[in-house]
Amino acid sequence: MKILLVFDFDNTIIDDNSDTWIVRCAPEKKLPVELKDSYKKGFWTEFMGRVFKYLGDEGVREDEMKRTVTSMPFTAGMVELLNFIRKNKDKFDCIIISDSNSVFIDWVLEATNFHDVFDKVFTNPAAFDGSGHLTVENYHAHSCNRCPKNLCKNVVLVEFIDKQLQQGVNYTQIVYIGDGGNDLCPVTFLKKNDVAMPRRGYTLQKTLSRMSQNLEPMEYCVVAWSSGVEVISHLQFLINK
């Protein structure tokens with residue numbers, strides 16, 4: 001019986017947002033105003049598609065993008081946390097559910113040698129096309145009205161757990177480690193034994209703390225963190241229980 005660890009990527013594993021970090025590749029490290037203004041709430045992936053097209057049109061190539069993405073810093077204590085999980089893979093399954101894209105996440109995990117820590121990565125599929133432009137697609141279609149239209153992390157989590165059950169894998173508990181507004185939906189799926197671990201000072205933590213002040217029913221336990229080292233001590237507590 002294992003514990004399932006679910007990670008967000010941007011501002012959780014890495015200490016920034018990969019989609020805004022890539023703008024460092026743009027001329028003068030900024031986007032034209034009309035491109036910036038073209039973003040519509042809930043349609044971030046389409047917006048990023050236009051950003052990648054703009055970068056490609058400006059002559060930004062794959063190797064430059066890769067150098068930029070792999071220069072993103074890890075969040076404090078995250079390297080220690082991922083090494084801890086690797087040493088204890090007999091006790092944990094570990095997945096990423098992220099609104100970034102498959103190319104960026106691959107690059108980071110490959111550059112830092114952490115691919116083996118994660119059993120699965122669920123994110124928007126991306127690839128370079130024939131003309132060297134990075135293209136990105138929505139991860140899936142869903143009917144959840146709380147989430148951006150390209151990705152409901154709750155749907156992904158529920159589907160993953162159902163598939164695992166069909167394979168005879170049943171988790172003793174789920175630990176969800178994230179930071180953002182789009183991590184709230186999967187956190188509401190958590191049950192009595194589960195743990196939500198929001199990053200301190202970020203949207204998810206503020207929202208959960210507001211919910212508990214309003215006495216909204218929450219079966220799961222909430223443990224905020226600032227460094228991956230704090231996550232390690234909570235995981236040690238769980239496996240030694």
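Using the three backbone atoms N, Cα and C, a Cβ is placed for every residue, glycine included.
Please treat TrEMBL annotations as automatic predictions, because they have not gone through curation.
The annotation active site, nucleophile is assigned in TrEMBL to Asp8. Note on Asp8 (active site, nucleophile): other Cβ atoms within 10 Å of its Cβ, all shown chains, come to 25.
The local packing around Asp10 (active site, proton donor), expressed as other Cβ atoms within 10 Å of its Cβ over all shown chains, amounts to 22. Residues annotated as active site, proton donor in TrEMBL: Asp10.
Here TrEMBL flags Asp8, Asp10, Asp179 as Mg(2+) binding site.
Residues or ranges marked as substrate binding site by TrEMBL: Asp19, Asp99. Around the Cβ of Asp19 (substrate binding site), a 10 Å sphere holds 19 further Cβ atoms from the protein chains shown.
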Cα separation, Asp99 (substrate binding site) to Asp10 (active site, proton donor) (Å, whole number):
8
